[in-house]
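Engineer: Attaching a single structure in structure tokens format; questions to follow.
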């Protein structure tokens, strides 16, 4: 099991390098931006999860305009039209985003269908998508410049008080000035709650997921946050496994330095994790001498990031730094 995971991680690291150099897919980073007018459709709309979270999204105020269920096209669900395919839904509703609540065996096919329909933002919530399926998705992603994938195995993405796409609790979010990006769903909620409590609020929160093969990484989100004039500070939540945090540190060193640098606070989960053992997420494993928490912490601190050892202090540390910089 450990050997097969190490092999997958090597493939993943190769893909990360490929995507980093791929200007085609990088052009879709702007698709992460959401607002109150963002139109959303749902794949797996009439299933148990799709129904529950679509109802939650509607109650939050998200502009959900329809859903997809291949065998129920032409009907209505939650007062919205049901379509037989993503292509049909796109033609009728012109969505900016689709959210996927399809079971693991069919999730990759659902992503590919949305990709072929050129939906700008694809958010896959599904956990347990086979990694060999995601390799195929990754191949398709990096060869195009129309669609951006968030996930799989993630809580989703939310522009507080405007558009909620995913399973996150809406009530803890507040419109404000902090960008949050995280590999961990529950720690995302912790950061959100803390920044709400100290009065900072959030501009955009992205749960990128903890699988080895995902569609959006830290750097994709950091670029959006650094370019957004409304985002005054950033929280980055990482964990053991891979080198995404180290690459994020390199990016911040290059693009977030000097007098106009935005304050960044980070927490890295898994400090006490033993090498070779997966800790929760499929990608959370220290392998081949890489992926340890201490290496990530050192890289981020070298880039000027404030790394807190306690997840309970993320909001407090960011507020303190923003106050020092007279940003609040």
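These residue numbers are counts, starting from 1, taken along the chain as shown.
Placement of Cβ uses the backbone N, Cα and C atoms for every residue, glycine included.
Sharing the feature lines straight out of Swiss-Prot:
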| type | residues | note |
| --- | --- | --- |
| ACT_SITE | 281 | active site, tele-phosphohistidine intermediate |
| BINDING | 46, 47, 48, 49, 72, 125, 126, 127 | CoA binding site |
| BINDING | 189 | substrate binding site |
| TRANSIT | 1-21 | transit peptide |
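Could you tell me the structural context for the features on the list?
Structural biologist: In the three-state DSSP classification, residue 125 (CoA binding site) falls within coil. Around the Cβ of residue 125 (CoA binding site), the same chain contributes 49, 53, 99, 100, 101, 151, 152, 153, 154, 155, 156, 166, 167, each under 8 angstroms and 6 or more positions distant in sequence.
The number of other Cβ atoms within 10 Å of the Cβ belonging to residue 189 (substrate binding site), over all protein chains shown, comes to 19. Residue 189 (substrate binding site) falls within a helix when secondary structure is assigned with DSSP.
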Engineer: In angstrom units, rounded to an integer, how far apart are the Cα atoms of residue 189 (substrate binding site) and residue 127 (CoA binding site)?
Structural biologist: 18
Engineer: For residue 127 (CoA binding site), just count the other CB atoms lying within 10 A of its CB, please.
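Structural biologist: A count of 17.
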Engineer: Rounding to the nearest whole angstrom, report the longest C-alpha distance spanning 46, 47, 48, 49, 72, 125, 126, 127, listed for CoA.
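Structural biologist: Maximum Cα-Cα distance: 24 Å.
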Engineer: Counting across all protein chains present, how many other Cβ atoms fall within 10 Å of the Cβ of residue 72 (CoA binding site)?
Structural biologist: 15
